[in-house]
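In TrEMBL this protein carries:
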TRANSMEM  33-57  transmembrane segment
DOMAIN    35-488  domain 'Major facilitator superfamily (MFS) profile'
TRANSMEM  69-89  transmembrane segment
TRANSMEM  126-148  transmembrane segment
TRANSMEM  160-182  transmembrane segment
TRANSMEM  188-209  transmembrane segment
TRANSMEM  221-241  transmembrane segment
TRANSMEM  253-270  transmembrane segment
TRANSMEM  290-308  transmembrane segment
TRANSMEM  328-347  transmembrane segment
TRANSMEM  354-371  transmembrane segment
TRANSMEM  383-404  transmembrane segment
TRANSMEM  416-444  transmembrane segment
Amino acid sequence: MIRGAMNESSQASSAGVSATNISSDAQPLPGRWTALTVLALAQFVLVLDSTVVNVALPSIQRQFDLPEARLAWIVNGYGLTFGGLLLLGGSLGDLYGRRKLFMIGIATFSGASFIAGLAWNADVVIAMRFLQGAGAAMAAPAALSSITRIFTIPKERTRALGTWGGISALGGTIGAVLSGFIVQYSSWRWVFFVTVPITLIALLLATRFVPESRAPSRPKLDVIGSILITLGIGTAVFALLNKGSKSWTSPQLVGELALAAILIVVFVLWEKRQTMPMVPLDIFKNRNRVVGVTASVLFGSVLSTYFFTTTLYMQVILRFSPLKTGAAYLPLGLVILFSFPIISALVPKVGIRLIMPLGLISGFLGLLKLSQLSVGGTYPTDVLPGMLLVAFAAACGFVTFTIAGVDGTTEENAGIASGILSAGGQIGSALGLATLVSIAVSVSATKSANGTPFPVATVAGFSAAYHVAAFVLLVGAIIAATFLRSAAKNTAAMQPKETNVDVPESDSVNQ
C-alpha cells in the first residue's frame, strides 16, 4: 500500500501494474500528464464527431436519396444514445473500473466509425451513429472521472480539468472546420474514417498510461434505477430532437415529455429507497456542482443554436461554400485554443465565481452583436466580432463548467457526477435545437406569410433566436454570480479518499 509517496508496490497479475492506494496526503501519481493527454485526445474526437458530420449531410443525402426525416437521424441518433446513456456509463465506470469502461467505449466508437465509413446504405450509417453515441456515453464520463482521481494536488487538478474543458470546446469547432475541407476535397466517408486512427492510438496508449480506478465499495448495479433514468433521459432527448415543426402543444410531443417526466420522478422516488442508489441524491447538495451542470445545460442550448444558425447564415445569405464555411470558424477555434490554457491558469488565483460569469457575459454580448445580422452583411463586420466573443465564452465556460461540475467528488461518485455533467450538455444541446431553432423558424414563417422577402424573413428568424439565446446566457451569468461558492480554489475539496488506483509500471519514470 502507498500512503503519501509510492513507497511499495505489489505485482499485478497479467497487466504489469501495481496496486496503489491514494490518500488525501498523496504525492502526484507518475505519468499523470501523459494519462491526461490520452484521455483528452479521446474526448476531442468524441466532441468533434458531434459536429463533423453536419456539413457532410447533403452529400450523404444525395448518395442514398434520403428524405429529410431520415437524414436527421444521422445527427439525432448520436445525440440520443450519447445523452441517454451517459448516467449509466458513469455509474458502470464507478462500479467496474473507469479505464475498462473508457476502453470499451472507445473501441465501440472506433468500430462504429469504421463501419459507418464503409456503409452500403443509409440504414448502416444511422445504426452506426447510434452505436457511436453508446460508445461515447461509456468513454466520456469514465475519462473525466479518471482525471479527478489521477490528479491529487488541487492546483494540478484545476489545470487538468481546465485542459479537459478547453479540449471539449475546441473539438466541436475543429469538427466544423474539418468537415468543410473533407466534403470539398474528398468523400463524405472520410468524415467517419478520420476519427478511427486517432481513437485507436488513444486506445493503445490507455492500456499503458491510464491507471484503473473504481469505487472501493464495489456495490451492485442498481438495475431498476439504471433502466428508469436511461429511459427517462432518452425519452426527453428523443422528444426534443424530433420536435421539428411540431407545436409545443402537439399531443405527441406533450405525451413524450410527460412520459420522460414520469420516468424521472419514479427514478427519484426509487433512488430514495435504495441503500446504494445509482445516483446518490446528496450529490446535488454541492452548490458548485449544481451551478456547473445548470450552466452547462444553458450554454449547450445556446451553442448548438449558434452553430446551426450561423452556418445557415453564411451558406444561405452570404453564399459561402462548405469549405469557406468551415474555414470561417477558424478564428473561433484559435481563440479557444489560446484562451483556455490562460483561463485554466487563472482559476486557482481568481476562482470560477469570477471567470464563469465573465464568460457567460461575453457570450451574451456576442449573441447581441449577432442579432444585428442583415441581408447585406459581411463576415468581417457582422459575423466575426460576435464569433470571437462567443469563442471566449466557450473557453471560459467549458473550463469552469467542468471544474464546478465535478467539485467535491469522491471515489464513489466521480463517475456518476461526470455523467450528470456530460448529460447536461447533451440535453441542453437538444433543448436549444428544439426551442431556439423553432423560434427562428416561426418568426421567419410569420414574416414570409406577411410578404417579407425570403432572405429578409430568414435573417429576422436568426435575429430572434440570437436575442433569446443572449437572454439565456444572461440568466446563466446571474445564476453563476449569485450561487457559486466564493472560494477560488474550488477543486481543493476533491481530495480522494484512500482508494484503489492501478498505476502502470511504465509510468514510473514518466513524470
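Here the Cβ of each residue, glycine as well, is placed from N, Cα and C on the backbone.
What TrEMBL says about a protein is an automatic prediction, not a curated fact.
If one looks beyond the transmembrane segment (328-347) by at least 6 residues along the same chain, the residues whose Cβ comes under 8 Å of a Cβ in the stretch are 158-159, 161-163, 165-167, 169-170, 173-174, 176-177, 314, 320, 355, 379, 383-384, 387-388, 390-392, 394-396, 398-400, 403, 488, 490. Only sequence-distant pairs (6 or more apart) were considered; of these, fewer than three Cβ pairs between the transmembrane segment (290-308) and the transmembrane segment (253-270) are under 8 A, so the stretches are not in contact. Between the transmembrane segment (221-241) and the transmembrane segment (188-209), fewer than three CB pairs separated by 6 or more residues in sequence fall under 8 Å, so the two stretches do not touch. Within the same chain, residues 224-225, 228-229, 231-233, 235-236, 238-239, 243, 246-247, 277, 279, 281 sit at least 6 positions outside the transmembrane segment (253-270) and bring their C-beta atoms closer than 8 Å to a C-beta of that stretch. Using a cut-off of 8 Å between Cβ atoms, the transmembrane segment (69-89) and the transmembrane segment (383-404) share fewer than three residue pairs, counting only pairs 6 or more apart in sequence. The largest share of C-beta pairs under 8 angstroms with the transmembrane segment (188-209) comes from 33-57, of the ranges 33-57, 126-148, 383-404.
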